[in-house]
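Worksheet: one structure, shown below.
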Amino acid sequence: MRDSAFLKTARGEQAPYTPVWFMRQAGRYMPEYRALRAGKTMLECIRTPDLAAEITLQPIKAMPLDAAILFNDILTPLPTMGLSLDFVGGVGPVIHNPINTPKDVDVLGVPATAETMPYTAESIRLLMPELNSRGIPLIGFVGAPFTLASYAIEGKGSRNYEKTKRFMYAEPAAWARLMGKFESVLADYLTEQVKAGASAVQIFDSWVGALSVYDYQTFVKPATAGLIERVKKLGVPVIYFGTGATHLMPDMASLGSDVMGADWRTPLDKAWDLIQPGQSIQGNLDPLLLQAPWRELKHQTDRILHEANGRPGHIFNVGHGLLPETPQDMVHRLTDYVHEQTQR
């Protein structure tokens, strides 16, 4: 497993070919996923280990992907801290008791995730025999402190994160306490995932691109640095990914992750120049291209591979999650194509 193409590349070593996996590779674009999810809520599937394990394995059984990513959601820890989470059709995740005041921060719990989310480790234990037999590593993941804080304050997804920024500016001490609580819970949660069998982890900072460089450095970087520092001690590669965050990449990369994720807005070679020497990079196809004609998908895949230029350390991925309308046969065809074109 340690010599898998994905793990070698995550460590910056040369692999026999460019490894491929996709964010949201276990998802609604797969008919078998829709069949298994029918009549079940998102949280029900996450909290039922045999369902979560099977969903994680579906794309691995269907396509020659180089890594599995645990079926989970970045918001899973929020209910264990005292926030009421629901997934509402047509809306997405909703927090029914969002954070409005410093007192709301102070009453948030910092639970031991082994006790409050035992289903996650059990899901991993159930799926590891299959992954081990295939030599496929598992990626565990969490949301980053800022992204979870933004959900907790906004109550749902937001375009501009006005409530989050107002709280951050008006209540800096409470904001620091909130970020510290998320740092502790998320570090503990990733520790449990690695102990159960994950051999790499990804930290999703989905909404960090809404921040200026100054605000990232002042209000977000300390807790995120603490999280990455704690997770690095687990001895597995750490991937750090933000959306719309090219302007933040030098600061994000300075936190010491092994791999930096890049979205599709910046050419891969330009993004690679923004990060630390020796860091690997992951990305960065626009996920909508998987719904384009093959000639265009092939053309832009060739462009990305040209930008990578055969350098060790490139993990091929989309620059955001796969969309529900994505044709599964295109995902399979693309995976095969990247493998064929990058044989070394």
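A Cβ is built for glycine as well, from the same backbone N, Cα and C atoms used for every other residue.
Here Swiss-Prot flags Arg24, Gln25, Ala26, Gly27, Arg28, Asp73, Tyr151, Ser206, His320 as substrate binding site, drawing on sequence analysis. Under DSSP, Ala26 (substrate binding site) is assigned to coil, being neither helix nor strand in the three-state scheme. Under a cutoff of 8 A between CB atoms, and with a sequence separation of 6+ in the same chain, the neighbours of Ala26 (substrate binding site) are Tyr33, Ile55, Thr56, Gln58, Pro59, Ile69, Phe71.
The site 'Transition state stabilizer' annotation in Swiss-Prot covers Asp73, and the record cites sequence analysis as its basis. The secondary structure of Asp73 (site 'Transition state stabilizer'), as reduced to three states from DSSP, is coil rather than helix or strand. The Cβ of Asp73 (site 'Transition state stabilizer') lies under 8 Å from the Cβ of Met42, Leu43, Ile46, Pro93, each of which sits 6+ residues away along the same chain.
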Arg24, Arg28, His320 as binding-site residues, winner by CB count within 10 A: His320
